[in-house]
Amino acid sequence: MSAYPKSYNPFDDDGEDEGARPAPWRDARDLPDGPDAPADRQQYLRQEVLRRAEATAASTSRSLALMYESEKVGVASSEELARQRGVLERTEKMVDKMDQDLKISQKHINSIKSVFGGLVNYFKSKPVETPPEQNGTLTSQPNNRLKEAISTSKEQEAKYQASHPNLRKLDDTDPVPRGAGSAMSTDAYPKNPHLRAYHQKIDSNLDELSMGLGRLKDIALGMQTEIEEQDDILDRLTTKVDKLDVNIKSTERKVRQL
């Protein structure tokens, strides 16, 4: 004789403690005994499997939406890093220009110190105009790794928006995009058309999640490289600013001594 009541839900066994009593069937008819009991039990199991498949498909769709949202945030942060790189490079160029101008000023001051040599040196050694650096004429670009990651994510985002308008929910009228399960044999899916559609949707979402996580990884690695390169720029800029500050103070002292 069975140790369980005649009506219990085997799906609830996994979530129960060993000492807990089996949960009763959550069915209006409570699966009464009779000649139709096996058929009723089988029908309930089909409905339960279908319900859980639907919930899983909806869960993977939500996860996919969150993944794409995270990717958008990553792209926006990467683009902000690229703009910051441009600011740093322009600042470094301005500091270099200030240093060149200061050197010219120091030459003039040294020339003025000598009454006779001043005029001769002034006209003899005119300030040499330094040609603008080629980097200053180009638009600042992030490192290639980050640039490719941003481009790939933007292309995929456009495809996602086209194929997932308003994060459309899976239902009986729109079970799954055609061809979503083409990569697998149809024998691998259940014969029930609705259940098959849910399984195909789940597989499609998981495939997209896998590729999306790969793109997120590329963005993260690209941002890491970009931050390291910008740290190098900051180190150079700090050194140049400190040197410029010393030269400015030295020039001020020379001017006061005139």
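Quick reminder: no glycine exception, Cβ is built from N, Cα and C everywhere.
Copied over from Swiss-Prot, here are the features:
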- 1-41: region 'Disordered' (REGION)
- 18-32: compositional bias 'Basic and acidic residues' (COMPBIAS)
- SER77: phosphoserine (MOD_RES)
- SER78: phosphoserine (MOD_RES)
- SER114: phosphoserine (MOD_RES)
- THR130: phosphothreonine (MOD_RES)
- THR137: phosphothreonine (MOD_RES)
- 150-191: region 'Disordered' (REGION)
- SER163: phosphoserine (MOD_RES)
- SER182: phosphoserine (MOD_RES)
- SER185: phosphoserine (MOD_RES)
- 196-258: domain 't-SNARE coiled-coil homology' (DOMAIN)
- SER204: phosphoserine (MOD_RES)
- SER210: phosphoserine (MOD_RES)
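This view paints the features noted in Swiss-Prot onto the structure.
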residue	record	contacts (Cβ under 8 Å, 6+ apart)
SER77	phosphoserine	MET223
SER78	phosphoserine	PRO142, LEU146, ALA149, ILE150, ILE219, GLY222, MET223, GLU226
SER210	phosphoserine	none
- Task: Around the Cβ of SER204 (phosphoserine), how many other Cβ atoms lie within 10 Å? Please give the count over every shown protein chain.
- Result: 20
- Of the residues in the domain 't-SNARE coiled-coil homology' (196-258), how many are helix, strand and coil by DSSP? 61 helix, 0 strand, 2 coil
